[in-house]
Amino acid sequence: MHAAVIVFPGSNCDRDLAVALEAAGTKVTKVWHKDTDLPQGVDMIGIPGGFSFGDYLRCGAIAANSPICKSVAAHAERGGYVIGICNGFQVLTETGLLPGALLRNAGLKYICKTVALKVETSASPFTEGYNAGDTINIPIAHHDGNYFADDETIARLQGEDRVAFTYEDTPNGAKADIAGILSSNRRVLGMMPHPERAADAGHGGTDGQALFRALAGALAAV
Ligand SMILES: NC(=O)CC[C@H](N)C(=O)O
């Protein structure tokens, strides 16, 4: 089990993501955005939260055009695992690896608090440690977390069981309360909340731990 965590100028959750993955038993190598190749033997890629390139242009838009993102796309196309958290989710929509866009929060404010999420599906390598219908408490910290896609795309995501998490009380205006979605092969997850900030008792909550453990289990089985 070997994960690459991509680091952009302005990433601020790369270490937290690496620590959460390592605690679940995954080897982690950090990879600078200017690199073009992933380390040998990487099974999964983590795109961390933060403020890549200062959120200029649109959150994640400049990062999505970094040299390493061609390798991220090739890895996903080969059926590799990818998790994008918060700014990482924004990067995944900007690269087109996940559908939709993250717009400015409905209230135009940066929101930093712990929110209740509903686990919509346990049928993915990221969510199989939960039961569908579970409520988990996970922190959010973003100003552009308002998920948007056209009605047809939302219906397709719902019809294909690709909504991973919804907000129980949507803080940002996200369409259909969507907090996280899966790719059609279920191996790419993008989510705005930060499970790596709820992965150790010292964080004040451990509801994110099951995600990293399930992922490590799925990688061990590859
Ligand atoms: N915590 C994050 O990754 C924040 C993402 C992005 N900078 C936003 O504020 O929306």
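Any Cβ shown, glycine's included, is placed from N, Cα and C.
What TrEMBL says about this protein:
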- Cys86: active site, nucleophile (ACT_SITE)
- His194: active site (ACT_SITE)
- Glu196: active site (ACT_SITE)
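Listed in sequence order, the active-site residues among Cys86, His194, Glu196 whose CB lies under 6 angstroms from an atom of ligand 1 come out as Cys86. The local packing around Cys86 (active site, nucleophile), expressed as other Cβ atoms within 10 Å of its Cβ over all shown chains, amounts to 30. Cα of His194 (active site) to Cα of Cys86 (active site, nucleophile): a distance of 7 Å.
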